[in-house]
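Asks: Under the heading transmembrane segment, TrEMBL lists 55-78, 390-410, 422-444, 482-502, 508-531. Among the features that TrEMBL reports, domain 'Glycosyltransferase 2-like' is placed at 213-429.
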Amino acid sequence: MSPFMKFSFFLYDSLSPSSLFLVQRHTLAVSSDTDGVVTSGIIGEIIYIWKQTRIFVFIPILKFLVTICLVMSFLVFIERVYMSIVVVFVKLLRRSPEKVHKWEAINDDDLELANTNFPMVLIQIPMYNEKEVCQLSIGAACRLSWPLDRMIVQVLDDSTDPASKELVNAECDKWARKGINIMSEIRDNRIGYKAGALKAGMMHNYVKQCEFVAIFDADFQPDPDFLERTIPFLIHNHDISLVQCRWKFVNANECLMTRMQEMSLNYHFIAEQESGSSIHAFFGFNGTAGVWRIAALNEAGGWKDRTTVEDMDLAVRACLHGWKFVYVHDVEVKNELPSTFKAYRFQQHRWSCGPANLCRKMTMEILQNKKVSAWKKLYLIYNFFFIRKIVVHIFTFVFYCLILPTTVLFPELQVPKWATVYFPTTITLLNAIATPRATFIGLLEAGRVNEWVVTEKLGDTLKSKLITKATTKLYTRFGQRLNWRELVVGLYIFLCGCYDVAYGRSYFYVYLFLQSCAFFVAGVGFIGTFVPTV
(Lines of atoms letter the chains of each structure in order from A and count residues from 1; the text may use other names and numbers.)
(Lines give C-alpha, C1' and ligand atoms only; values in the text may rest on other atoms or scores of the structure.)
Protein backbone atom coordinates (compact mmCIF):
# COMPACT_ATOMS: atom_id res chain seq x y z
CA MET A 1 0.00 0.00 0.00
CA SER A 2 1.35 3.41 -0.99
CA PRO A 3 2.06 6.11 1.61
CA PHE A 4 -0.73 8.25 0.15
CA MET A 5 -3.25 5.39 0.55
CA LYS A 6 -2.14 4.86 4.18
CA PHE A 7 -2.64 8.58 4.87
CA SER A 8 -6.04 8.47 3.19
CA PHE A 9 -7.19 5.63 5.47
CA PHE A 10 -5.83 7.49 8.50
CA LEU A 11 -7.64 10.68 7.44
CA TYR A 12 -10.81 8.69 6.77
CA ASP A 13 -10.76 7.32 10.33
CA SER A 14 -10.10 10.72 11.91
CA LEU A 15 -12.96 12.60 10.23
CA SER A 16 -16.01 13.70 12.22
CA PRO A 17 -19.30 11.91 11.41
CA SER A 18 -20.57 14.86 9.40
CA SER A 19 -17.35 15.09 7.39
CA LEU A 20 -17.30 11.29 6.98
CA PHE A 21 -20.79 11.41 5.49
CA LEU A 22 -19.65 13.95 2.92
CA VAL A 23 -16.61 11.86 2.01
CA GLN A 24 -18.76 8.76 1.57
CA ARG A 25 -21.05 10.63 -0.80
CA HIS A 26 -18.05 11.75 -2.82
CA THR A 27 -16.67 8.21 -2.83
CA LEU A 28 -19.91 6.77 -4.21
CA ALA A 29 -19.91 9.35 -6.95
CA VAL A 30 -16.30 8.58 -7.79
CA SER A 31 -16.83 4.80 -7.98
CA SER A 32 -19.07 5.23 -11.01
CA ASP A 33 -16.47 7.29 -12.81
CA THR A 34 -14.11 5.62 -15.26
CA ASP A 35 -11.30 7.75 -13.87
CA GLY A 36 -12.18 6.95 -10.28
CA VAL A 37 -8.64 6.56 -9.03
CA VAL A 38 -7.53 9.95 -10.30
CA THR A 39 -10.67 11.68 -9.01
CA SER A 40 -10.37 10.03 -5.60
CA GLY A 41 -6.80 11.25 -5.33
CA ILE A 42 -7.82 14.81 -6.07
CA ILE A 43 -10.61 14.66 -3.47
CA GLY A 44 -8.20 13.23 -0.92
CA GLU A 45 -5.74 16.06 -1.50
CA ILE A 46 -8.52 18.66 -1.14
CA ILE A 47 -9.71 17.05 2.09
CA TYR A 48 -6.15 16.92 3.37
CA ILE A 49 -5.56 20.62 2.64
CA TRP A 50 -8.88 21.62 4.24
CA LYS A 51 -8.19 19.45 7.31
CA GLN A 52 -4.75 20.95 7.82
CA THR A 53 -6.04 24.49 7.29
CA ARG A 54 -8.87 23.87 9.69
CA ILE A 55 -6.62 22.45 12.40
CA PHE A 56 -3.67 24.81 12.15
CA VAL A 57 -5.34 28.07 11.00
CA PHE A 58 -9.08 28.44 11.59
CA ILE A 59 -9.47 26.66 14.91
CA PRO A 60 -6.52 28.42 16.68
CA ILE A 61 -7.70 31.81 15.45
CA LEU A 62 -11.28 31.16 16.52
CA LYS A 63 -10.16 29.81 19.91
CA PHE A 64 -8.17 32.98 20.47
CA LEU A 65 -11.11 35.20 19.48
CA VAL A 66 -13.52 33.22 21.65
CA THR A 67 -11.17 33.56 24.62
CA ILE A 68 -10.90 37.32 24.10
CA CYS A 69 -14.68 37.61 23.86
CA LEU A 70 -15.17 35.54 27.02
CA VAL A 71 -12.85 37.89 28.89
CA MET A 72 -14.77 40.88 27.50
CA SER A 73 -18.06 39.27 28.51
CA PHE A 74 -16.84 38.86 32.07
CA LEU A 75 -15.58 42.45 32.25
CA VAL A 76 -18.85 43.86 30.90
CA PHE A 77 -20.86 41.74 33.31
CA ILE A 78 -18.84 42.89 36.34
CA GLU A 79 -19.18 46.53 35.25
CA ARG A 80 -22.96 46.28 34.84
CA VAL A 81 -23.40 44.58 38.21
CA TYR A 82 -21.15 47.16 39.89
CA MET A 83 -23.18 50.07 38.51
CA SER A 84 -26.44 48.43 39.53
CA ILE A 85 -25.22 47.85 43.09
CA VAL A 86 -24.20 51.51 43.37
CA VAL A 87 -27.59 52.69 42.15
CA VAL A 88 -29.43 50.35 44.57
CA PHE A 89 -27.48 51.73 47.52
CA VAL A 90 -28.07 55.30 46.38
CA LYS A 91 -31.81 54.66 46.25
CA LEU A 92 -31.94 52.77 49.54
CA LEU A 93 -29.96 55.44 51.38
CA ARG A 94 -31.97 58.15 49.59
CA ARG A 95 -28.84 60.04 48.61
CA SER A 96 -30.50 62.56 46.33
CA PRO A 97 -28.32 65.33 44.85
CA GLU A 98 -30.13 67.89 46.99
CA LYS A 99 -29.04 66.00 50.13
CA VAL A 100 -25.48 65.26 49.04
CA HIS A 101 -24.78 68.78 47.80
CA LYS A 102 -25.91 72.11 49.17
CA TRP A 103 -29.09 73.26 47.45
CA GLU A 104 -31.25 76.25 48.35
CA ALA A 105 -33.86 77.98 46.29
CA ILE A 106 -32.88 81.45 45.14
CA ASN A 107 -34.32 84.08 47.47
CA ASP A 108 -36.60 86.49 45.64
CA ASP A 109 -38.54 87.86 48.62
CA ASP A 110 -36.71 91.19 48.58
CA LEU A 111 -38.27 92.98 45.63
CA GLU A 112 -35.42 95.47 45.35
CA LEU A 113 -32.73 92.80 45.24
CA ALA A 114 -34.78 90.01 43.68
CA ASN A 115 -33.27 90.11 40.21
CA THR A 116 -29.70 90.64 41.41
CA ASN A 117 -29.93 87.37 43.37
CA PHE A 118 -30.35 85.57 40.06
CA PRO A 119 -27.08 85.03 38.18
CA MET A 120 -26.83 85.90 34.50
CA VAL A 121 -27.51 82.80 32.40
CA LEU A 122 -26.82 82.19 28.71
CA ILE A 123 -29.11 79.69 26.96
CA GLN A 124 -27.63 78.21 23.79
CA ILE A 125 -29.71 76.38 21.17
CA PRO A 126 -27.55 75.02 18.32
CA MET A 127 -29.53 73.94 15.27
CA TYR A 128 -29.10 72.93 11.67
CA ASN A 129 -32.08 72.74 9.31
CA GLU A 130 -34.45 72.04 12.20
CA LYS A 131 -37.64 73.44 10.70
CA GLU A 132 -39.73 70.68 12.30
CA VAL A 133 -38.83 71.63 15.87
CA CYS A 134 -37.17 75.06 15.91
CA GLN A 135 -40.30 76.92 16.99
CA LEU A 136 -40.98 74.52 19.86
CA SER A 137 -37.41 74.55 21.19
CA ILE A 138 -37.01 78.33 20.98
CA GLY A 139 -40.40 78.83 22.60
CA ALA A 140 -39.56 76.46 25.46
CA ALA A 141 -36.28 78.27 26.15
CA CYS A 142 -37.98 81.66 26.13
CA ARG A 143 -40.63 80.47 28.60
CA LEU A 144 -38.08 79.53 31.27
CA SER A 145 -38.98 80.97 34.65
CA TRP A 146 -36.10 83.41 35.13
CA PRO A 147 -35.90 87.21 35.27
CA LEU A 148 -35.92 88.52 31.70
CA ASP A 149 -32.99 90.80 32.35
CA ARG A 150 -30.91 87.94 33.79
CA MET A 151 -30.94 85.58 30.82
CA ILE A 152 -29.92 85.66 27.17
CA VAL A 153 -31.32 83.18 24.66
CA GLN A 154 -28.78 82.52 21.92
CA VAL A 155 -29.95 80.64 18.81
CA LEU A 156 -26.95 79.29 16.90
CA ASP A 157 -28.41 78.70 13.47
CA ASP A 158 -26.14 76.93 10.97
CA SER A 159 -29.06 76.12 8.66
CA THR A 160 -28.54 76.00 4.92
CA ASP A 161 -32.21 75.44 4.14
CA PRO A 162 -33.94 78.79 3.37
CA ALA A 163 -37.22 77.60 4.87
CA SER A 164 -35.50 76.69 8.15
CA LYS A 165 -33.72 80.04 8.28
CA GLU A 166 -36.97 81.90 7.72
CA LEU A 167 -38.75 80.00 10.50
CA VAL A 168 -35.91 80.60 12.96
CA ASN A 169 -35.75 84.33 12.20
CA ALA A 170 -39.53 84.68 12.51
CA GLU A 171 -39.56 82.85 15.85
CA CYS A 172 -36.71 84.96 17.23
CA ASP A 173 -38.45 88.17 16.14
CA LYS A 174 -41.68 87.05 17.79
CA TRP A 175 -40.05 86.50 21.17
CA ALA A 176 -37.93 89.63 20.91
CA ARG A 177 -41.14 91.65 20.58
CA LYS A 178 -42.32 90.03 23.83
CA GLY A 179 -39.30 91.38 25.68
CA ILE A 180 -37.04 88.30 25.59
CA ASN A 181 -33.33 89.05 25.19
CA ILE A 182 -32.82 86.70 22.26
CA MET A 183 -29.97 86.64 19.76
CA SER A 184 -29.89 84.78 16.45
CA GLU A 185 -26.28 84.09 15.52
CA ILE A 186 -25.57 82.87 11.98
CA ARG A 187 -22.16 81.72 10.76
CA ASP A 188 -20.99 81.90 7.17
CA ASN A 189 -19.53 78.38 7.44
CA ARG A 190 -20.07 75.12 9.33
CA ILE A 191 -16.50 74.57 10.51
CA GLY A 192 -16.53 72.33 13.57
CA TYR A 193 -20.25 71.63 13.23
CA LYS A 194 -21.95 71.76 16.64
CA ALA A 195 -18.72 72.32 18.55
CA GLY A 196 -17.78 75.12 16.16
CA ALA A 197 -21.18 76.77 16.59
CA LEU A 198 -21.01 76.60 20.39
CA LYS A 199 -17.45 77.92 20.39
CA ALA A 200 -18.38 80.82 18.12
CA GLY A 201 -21.38 81.60 20.32
CA MET A 202 -19.18 81.93 23.40
CA MET A 203 -16.98 84.55 21.69
CA HIS A 204 -19.61 87.32 21.57
CA ASN A 205 -19.09 90.24 23.92
CA TYR A 206 -22.45 89.95 25.63
CA VAL A 207 -21.54 86.44 26.84
CA LYS A 208 -18.90 87.93 29.17
CA GLN A 209 -21.62 89.09 31.57
CA CYS A 210 -22.97 85.52 31.93
CA GLU A 211 -21.90 83.16 34.70
CA PHE A 212 -23.58 79.98 33.52
CA VAL A 213 -24.64 78.51 30.18
CA ALA A 214 -27.51 76.09 29.61
CA ILE A 215 -27.41 74.05 26.40
CA PHE A 216 -30.38 72.50 24.62
CA ASP A 217 -30.34 70.73 21.28
CA ALA A 218 -32.99 71.79 18.80
CA ASP A 219 -35.44 69.02 19.72
CA PHE A 220 -35.29 69.58 23.49
CA GLN A 221 -37.99 71.35 25.48
CA PRO A 222 -37.11 72.20 29.09
CA ASP A 223 -39.85 72.82 31.63
CA PRO A 224 -40.21 76.41 32.89
CA ASP A 225 -38.60 75.59 36.26
CA PHE A 226 -35.47 74.03 34.73
CA LEU A 227 -33.09 76.85 35.72
CA GLU A 228 -34.69 77.25 39.17
CA ARG A 229 -33.93 73.59 39.93
CA THR A 230 -30.42 73.36 38.47
CA ILE A 231 -28.68 76.71 38.97
CA PRO A 232 -28.70 76.49 42.82
CA PHE A 233 -26.31 73.50 42.61
CA LEU A 234 -23.79 75.75 40.85
CA ILE A 235 -24.38 78.78 43.09
CA HIS A 236 -23.87 76.97 46.41
CA ASN A 237 -21.21 74.43 45.36
CA HIS A 238 -18.26 76.19 43.78
CA ASP A 239 -16.46 72.96 42.90
CA ILE A 240 -19.32 71.79 40.65
CA SER A 241 -19.00 72.73 37.00
CA LEU A 242 -21.83 70.75 35.36
CA VAL A 243 -25.41 69.86 36.21
CA GLN A 244 -26.76 67.19 33.87
CA CYS A 245 -30.48 66.37 33.71
CA ARG A 246 -32.37 63.36 32.42
CA TRP A 247 -33.96 63.05 29.00
CA LYS A 248 -37.67 62.33 28.76
CA PHE A 249 -38.69 60.74 25.48
CA VAL A 250 -42.00 62.05 24.22
CA ASN A 251 -42.20 59.62 21.28
CA ALA A 252 -41.13 56.45 23.08
CA ASN A 253 -44.36 54.71 22.06
CA GLU A 254 -44.02 55.61 18.39
CA CYS A 255 -42.69 52.22 17.33
CA LEU A 256 -40.79 49.22 18.62
CA MET A 257 -37.43 50.81 17.77
CA THR A 258 -38.11 53.88 19.90
CA ARG A 259 -39.18 51.68 22.80
CA MET A 260 -35.94 49.73 22.65
CA GLN A 261 -34.00 52.99 22.55
CA GLU A 262 -35.91 54.20 25.59
CA MET A 263 -34.86 51.09 27.52
CA SER A 264 -31.23 51.51 26.53
CA LEU A 265 -30.98 55.24 27.23
CA ASN A 266 -32.91 55.05 30.49
CA TYR A 267 -30.42 52.45 31.66
CA HIS A 268 -27.63 54.82 30.61
CA PHE A 269 -29.04 57.60 32.78
CA ILE A 270 -30.18 55.50 35.73
CA ALA A 271 -27.06 53.32 35.95
CA GLU A 272 -24.10 54.97 34.22
CA GLN A 273 -24.82 58.63 34.97
CA GLU A 274 -26.19 57.99 38.45
CA SER A 275 -23.29 55.78 39.53
CA GLY A 276 -20.68 58.10 38.04
CA SER A 277 -22.19 61.11 39.77
CA SER A 278 -22.54 59.36 43.14
CA ILE A 279 -19.13 57.70 43.38
CA HIS A 280 -16.73 59.67 41.19
CA ALA A 281 -18.49 63.04 40.64
CA PHE A 282 -17.83 62.43 36.93
CA PHE A 283 -19.78 61.20 33.92
CA GLY A 284 -19.94 62.03 30.26
CA PHE A 285 -21.83 65.20 29.39
CA ASN A 286 -24.75 64.27 27.15
CA GLY A 287 -24.33 67.39 25.01
CA THR A 288 -27.71 68.84 25.94
CA ALA A 289 -30.08 69.32 28.87
CA GLY A 290 -27.24 70.51 31.07
CA VAL A 291 -25.87 73.68 32.66
CA TRP A 292 -22.17 74.53 32.67
CA ARG A 293 -20.20 76.97 34.81
CA ILE A 294 -18.62 79.18 32.14
CA ALA A 295 -15.42 79.61 34.18
CA ALA A 296 -14.94 75.83 34.22
CA LEU A 297 -15.74 75.55 30.54
CA ASN A 298 -13.11 78.16 29.70
CA GLU A 299 -10.52 76.66 32.06
CA ALA A 300 -10.93 73.29 30.35
CA GLY A 301 -10.13 74.89 26.98
CA GLY A 302 -13.64 75.47 25.66
CA TRP A 303 -15.26 73.57 22.84
CA LYS A 304 -13.04 71.51 20.51
CA ASP A 305 -14.00 69.81 17.28
CA ARG A 306 -11.24 67.19 17.17
CA THR A 307 -13.78 64.35 17.54
CA THR A 308 -17.48 63.80 16.92
CA VAL A 309 -18.12 63.70 20.70
CA GLU A 310 -17.29 67.27 21.61
CA ASP A 311 -19.49 67.02 24.71
CA MET A 312 -17.55 64.07 26.13
CA ASP A 313 -14.27 65.74 25.20
CA LEU A 314 -15.16 68.84 27.23
CA ALA A 315 -16.33 66.75 30.20
CA VAL A 316 -13.09 64.76 30.41
CA ARG A 317 -10.94 67.90 30.16
CA ALA A 318 -12.97 69.62 32.88
CA CYS A 319 -12.61 66.54 35.09
CA LEU A 320 -8.83 66.64 34.63
CA HIS A 321 -8.88 70.21 35.97
CA GLY A 322 -10.49 68.98 39.19
CA TRP A 323 -14.10 70.02 38.52
CA LYS A 324 -17.00 67.90 39.75
CA PHE A 325 -20.29 67.01 38.05
CA VAL A 326 -23.74 66.26 39.42
CA TYR A 327 -26.52 64.31 37.75
CA VAL A 328 -30.09 65.26 38.73
CA HIS A 329 -32.41 62.42 37.84
CA ASP A 330 -35.63 64.15 38.89
CA VAL A 331 -35.26 67.03 36.42
CA GLU A 332 -36.49 65.85 33.03
CA VAL A 333 -36.16 67.54 29.65
CA LYS A 334 -38.49 66.45 26.86
CA ASN A 335 -36.97 65.40 23.58
CA GLU A 336 -37.52 63.02 20.67
CA LEU A 337 -35.84 59.73 19.85
CA PRO A 338 -34.78 58.92 16.27
CA SER A 339 -37.73 57.06 14.79
CA THR A 340 -36.17 56.19 11.42
CA PHE A 341 -33.57 53.47 11.13
CA LYS A 342 -31.31 55.69 9.04
CA ALA A 343 -31.21 58.42 11.68
CA TYR A 344 -30.65 55.83 14.39
CA ARG A 345 -27.69 54.33 12.53
CA PHE A 346 -26.04 57.72 12.09
CA GLN A 347 -26.49 58.49 15.77
CA GLN A 348 -25.09 55.15 16.91
CA HIS A 349 -22.13 55.48 14.54
CA ARG A 350 -21.19 58.78 16.15
CA TRP A 351 -21.70 57.45 19.67
CA SER A 352 -19.59 54.35 18.92
CA CYS A 353 -16.67 55.77 16.94
CA GLY A 354 -16.29 59.12 18.67
CA PRO A 355 -15.46 57.85 22.19
CA ALA A 356 -12.86 55.38 20.87
CA ASN A 357 -11.18 58.19 18.95
CA LEU A 358 -11.26 60.45 22.00
CA CYS A 359 -9.77 57.69 24.17
CA ARG A 360 -6.88 57.34 21.75
CA LYS A 361 -6.20 61.07 21.89
CA MET A 362 -6.58 61.56 25.64
CA THR A 363 -5.08 58.46 27.28
CA MET A 364 -1.62 59.96 27.73
CA GLU A 365 -3.11 63.28 28.82
CA ILE A 366 -5.05 61.47 31.53
CA LEU A 367 -2.02 59.48 32.70
CA GLN A 368 0.20 62.57 32.86
CA ASN A 369 -2.35 64.72 34.69
CA LYS A 370 -1.31 65.93 38.16
CA LYS A 371 -4.64 67.33 39.42
CA VAL A 372 -6.67 64.15 39.80
CA SER A 373 -6.04 61.01 41.85
CA ALA A 374 -4.78 57.71 40.49
CA TRP A 375 -8.18 56.22 41.36
CA LYS A 376 -10.00 58.69 39.11
CA LYS A 377 -7.46 58.13 36.33
CA LEU A 378 -8.14 54.40 36.54
CA TYR A 379 -11.88 55.04 36.45
CA LEU A 380 -11.57 57.29 33.40
CA ILE A 381 -9.37 54.95 31.37
CA TYR A 382 -10.74 51.56 32.40
CA ASN A 383 -14.40 52.00 33.38
CA PHE A 384 -15.45 55.05 31.41
CA PHE A 385 -13.51 54.59 28.18
CA PHE A 386 -12.28 51.00 27.86
CA ILE A 387 -15.28 49.05 29.15
CA ARG A 388 -18.27 51.30 28.39
CA LYS A 389 -17.15 53.02 25.22
CA ILE A 390 -14.92 50.43 23.49
CA VAL A 391 -15.41 46.89 24.80
CA VAL A 392 -19.21 47.02 24.93
CA HIS A 393 -19.55 48.13 21.31
CA ILE A 394 -16.97 45.71 19.90
CA PHE A 395 -17.97 42.75 22.02
CA THR A 396 -21.72 42.97 21.38
CA PHE A 397 -21.48 42.77 17.61
CA VAL A 398 -18.35 40.69 17.09
CA PHE A 399 -19.22 37.99 19.62
CA TYR A 400 -22.99 37.60 19.23
CA CYS A 401 -23.26 38.31 15.51
CA LEU A 402 -20.05 36.85 14.07
CA ILE A 403 -18.02 34.58 16.33
CA LEU A 404 -20.87 32.82 18.12
CA PRO A 405 -22.65 31.83 14.87
CA THR A 406 -19.32 30.70 13.41
CA THR A 407 -18.69 28.28 16.28
CA VAL A 408 -21.46 25.99 14.98
CA LEU A 409 -19.25 25.30 11.96
CA PHE A 410 -16.45 24.14 14.26
CA PRO A 411 -17.74 21.63 16.83
CA GLU A 412 -14.27 21.53 18.38
CA LEU A 413 -15.01 24.95 19.90
CA GLN A 414 -17.09 25.01 23.05
CA VAL A 415 -18.56 28.28 24.39
CA PRO A 416 -19.64 28.06 28.04
CA LYS A 417 -23.27 28.66 28.92
CA TRP A 418 -22.47 31.49 31.29
CA ALA A 419 -21.30 33.54 28.32
CA THR A 420 -24.19 32.64 26.02
CA VAL A 421 -27.07 32.46 28.50
CA TYR A 422 -26.50 33.59 32.07
CA PHE A 423 -24.53 36.82 31.56
CA PRO A 424 -26.64 38.13 28.63
CA THR A 425 -29.86 37.32 30.50
CA THR A 426 -28.68 39.15 33.62
CA ILE A 427 -27.60 42.21 31.63
CA THR A 428 -30.89 42.25 29.73
CA LEU A 429 -32.84 42.10 32.99
CA LEU A 430 -30.81 44.98 34.42
CA ASN A 431 -31.65 47.01 31.33
CA ALA A 432 -35.33 46.11 31.61
CA ILE A 433 -35.51 47.05 35.28
CA ALA A 434 -34.50 50.59 34.35
CA THR A 435 -37.58 50.90 32.13
CA PRO A 436 -40.24 48.46 33.35
CA ARG A 437 -43.05 50.32 31.58
CA ALA A 438 -41.43 50.00 28.15
CA THR A 439 -40.55 46.37 28.81
CA PHE A 440 -44.05 45.24 29.69
CA ILE A 441 -45.71 47.31 26.97
CA GLY A 442 -43.34 45.90 24.38
CA LEU A 443 -43.95 42.34 25.53
CA LEU A 444 -47.66 42.39 26.38
CA GLU A 445 -49.02 44.90 23.88
CA ALA A 446 -47.39 43.62 20.73
CA GLY A 447 -50.39 44.67 18.67
CA ARG A 448 -49.69 48.33 19.38
CA VAL A 449 -45.92 48.46 19.04
CA ASN A 450 -46.06 50.00 15.56
CA GLU A 451 -49.07 52.29 15.87
CA TRP A 452 -48.73 56.02 15.36
CA VAL A 453 -49.48 57.56 18.75
CA VAL A 454 -50.53 61.19 18.39
CA THR A 455 -49.34 62.50 21.73
CA GLU A 456 -47.08 65.34 22.71
CA LYS A 457 -44.29 65.02 20.14
CA LEU A 458 -41.81 67.30 18.50
CA GLY A 459 -42.19 67.98 14.80
CA ASP A 460 -45.31 65.85 14.40
CA THR A 461 -47.01 68.01 11.78
CA LEU A 462 -44.40 67.68 9.06
CA LYS A 463 -43.49 64.10 9.92
CA SER A 464 -47.11 62.94 9.80
CA LYS A 465 -47.40 64.29 6.26
CA LEU A 466 -44.26 62.45 5.24
CA ILE A 467 -45.40 59.17 6.81
CA THR A 468 -48.72 59.41 4.99
CA LYS A 469 -46.87 60.02 1.76
CA ALA A 470 -44.64 57.03 2.47
CA THR A 471 -47.55 54.62 2.85
CA THR A 472 -48.98 55.63 -0.53
CA LYS A 473 -45.67 54.87 -2.23
CA LEU A 474 -44.63 51.86 -0.18
CA TYR A 475 -44.12 49.49 -3.08
CA THR A 476 -42.67 51.92 -5.61
CA ARG A 477 -40.00 53.02 -3.14
CA PHE A 478 -39.25 49.70 -1.50
CA GLY A 479 -35.63 49.93 -2.63
CA GLN A 480 -35.11 52.90 -0.34
CA ARG A 481 -35.90 50.70 2.64
CA LEU A 482 -33.24 48.06 2.00
CA ASN A 483 -30.18 47.99 4.25
CA TRP A 484 -27.70 45.65 2.60
CA ARG A 485 -25.27 45.30 5.48
CA GLU A 486 -28.01 44.05 7.79
CA LEU A 487 -29.23 41.65 5.11
CA VAL A 488 -25.75 40.18 4.60
CA VAL A 489 -25.21 39.63 8.33
CA GLY A 490 -28.70 38.15 8.66
CA LEU A 491 -28.06 35.76 5.76
CA TYR A 492 -24.76 34.58 7.29
CA ILE A 493 -26.39 33.93 10.67
CA PHE A 494 -29.28 32.12 8.94
CA LEU A 495 -26.91 29.84 7.02
CA CYS A 496 -25.06 29.03 10.23
CA GLY A 497 -28.40 28.12 11.78
CA CYS A 498 -29.20 25.84 8.85
CA TYR A 499 -25.84 24.10 9.26
CA ASP A 500 -26.56 23.62 12.97
CA VAL A 501 -29.92 22.03 12.14
CA ALA A 502 -28.27 19.57 9.75
CA TYR A 503 -25.11 18.68 11.64
CA GLY A 504 -25.34 20.19 15.12
CA ARG A 505 -26.11 18.39 18.35
CA SER A 506 -27.75 21.25 20.25
CA TYR A 507 -30.62 23.67 19.86
CA PHE A 508 -28.41 26.65 19.20
CA TYR A 509 -30.06 27.13 15.81
CA VAL A 510 -33.16 28.48 17.60
CA TYR A 511 -31.17 31.49 18.75
CA LEU A 512 -29.54 31.87 15.34
CA PHE A 513 -32.83 31.85 13.46
CA LEU A 514 -34.34 34.43 15.81
CA GLN A 515 -31.28 36.63 15.47
CA SER A 516 -31.26 36.34 11.70
CA CYS A 517 -34.94 37.31 11.62
CA ALA A 518 -34.09 40.48 13.54
CA PHE A 519 -31.44 41.37 10.97
CA PHE A 520 -33.80 40.60 8.09
CA VAL A 521 -36.48 42.85 9.59
CA ALA A 522 -33.95 45.66 9.87
CA GLY A 523 -32.54 44.85 6.44
CA VAL A 524 -35.84 45.24 4.62
CA GLY A 525 -36.63 48.45 6.46
CA PHE A 526 -39.49 47.23 8.64
CA ILE A 527 -38.16 48.80 11.81
CA GLY A 528 -38.93 52.30 12.93
CA THR A 529 -40.96 54.69 10.82
CA PHE A 530 -40.13 55.27 7.19
CA VAL A 531 -39.83 58.69 5.59
CA PRO A 532 -39.13 58.52 1.84
CA THR A 533 -36.58 60.62 0.05
CA VAL A 534 -38.45 63.53 -1.50
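Cβ atoms are placed via backbone N, Cα and C, with glycine included.
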Asks: Can you name the far-off residues of the same chain, 6+ from the ends of the transmembrane segment (482-502), with a Cβ under 8 Å from a Cβ of it?
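Replies: Here the qualifying positions are 18, 341, 401, 405-406, 408-409, 508-509, 512-513, 515-520, 522-525.
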Asks: So what's the average pLDDT for the domain 'Glycosyltransferase 2-like' (213-429)?
Replies: 93
Asks: So what's near the transmembrane segment (508-531) in sequence-distant terms, Cβ-Cβ under 8 Å and 6+ beyond its ends?
Replies: 254-258, 338-341, 344, 400-401, 405, 408, 420, 452, 463, 466-467, 470, 478, 480-487, 489-491, 493-494, 496-498, 500-501
